[in-house]
Amino acid sequence: RFGQLQLALAAAGTAAAALDICADGWAVAEYTRGGQPGWAALTLALLAAASVATQACSWLWLRSDPPAVRPDVPLWLLTALHLLQLGFLFRCLHTLKIGWKVCRMKAEEEEEEQSRMAFLSHDISMLRLFETFLENTPQLTLLLYVILRTNKTEPFQVLGIFTAFLCVTWSLLDYHQSLRSFLQDKYELSLGSSIVYFLWNLFLICPRILTIALFALLWPYGVAVHFPLLWLVMFLWVSLQGTDFMESPGPEQLYRAMVAVILYFSWFNVSQGRTLYRSIIYHSFILVDSTLLALAWLWGRSPSDEHSYLIPVISASLPCYLLGLLLRVTYYKWLHPNVQAQKGSGYDEVDAKGRSDRLQFCSLSVRDLVNRRMQWLAQTQFPIPQLAGQHILNGTAAL
């Protein structure tokens, strides 16, 4: 049943997030105890920045959400929870509570609660993706840098790498499955699709993280220049595409800023229409940038450098990235819902029930609610019929 599945997914995601926080706390304590307060401070800074951005989005969405899906608690308490950086956790627990309620209901009584749970689950998927790319991918880079710098691996670093990859994996698959739920013909994300989807993201992200960590190994302050410059380029790139995700222009800038961080590490589509050329431009840019970072490390390292064993690893980064691109093409050629729809009754489309250019939430009943934010992103990945003339590579891809 839908409610049981969503409950299991929400519980697993919440548990992974809690484990990640524990791993971060352990890392901070170990860095402080080992006389490395700078690394401890940087870990805390990454955690705080990701948390503040995520809590801000959560709060802005709560204010614009329909009353039917808002938690039945006073506004001042919601405000306090978000200021204390507990708003996202509260959302997860609130969704778990509704999911448990759905599972205990009779089938004929659960429709409205399922709609409410689906609405909330879509938001949690997006917030988890934001938090993952704002916190876990930078922390993976930091962990790899520290391991290479010290030439040893501690248990807390192994746990940190494990939880970071777990969160990245979970957030990507959960986000993609969440987008698929907006399709009128609800094609399931099969095991094969899930594996290929995860692998092509992994093979594109890992070389990126490795080259940044190696560059930081020789020029740690160079990353402090490199990241803001590329972030600005990505922010302008997103702004030029005219996103329409948030409810007002001010919060939209926050969304674009967070997407720019994601683009520093991985592809993320934010605009409807053909993405073939945008994708080629992005991957070419990242490939050139990562190659320059790797060449800078090779050029700057000493011939007697103890990290000579990394030369074969960095040499394999380019084939790894190209393999990721090949798997991505494979996914969109054979495993994308548009391909499945072509084999059936025609192009699939995003379910637009209750949709207008701006949903008027207050006029809808609970069962008619549609999460406009995630629906908008779904339309960038699974085109509506007017945009479906170009499919597969000419279609759209969110990640």
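Keep in mind that glycine also has a Cβ here, set from the backbone N, Cα and C atoms.
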Of the residue ranges 66-83, 156-173, which one carries the transmembrane segment annotation in TrEMBL? 156-173
Choose the correct range: of 9-26, 225-242, which one does TrEMBL annotate as transmembrane segment? Give that range. 225-242
Three or more CB pairs closer than 8 Å, sequence separation of 6 or more: does that hold for the transmembrane segment (254-270) against the transmembrane segment (156-173)? no
Range from 156-173, 276-298, 310-331 with most C-beta pairs under 8 A to the transmembrane segment (194-219): 310-331
So which of 42-62, 156-173, 225-242, 310-331 is most in touch with the transmembrane segment (276-298), counting Cβ pairs under 8 Å? 310-331
Surrounding residues of the transmembrane segment (225-242) on its own chain - C-beta under 8 Å, 6+ positions past either end: 212, 215, 256-257, 259-261, 263-264, 270-271, 278, 282, 289, 293
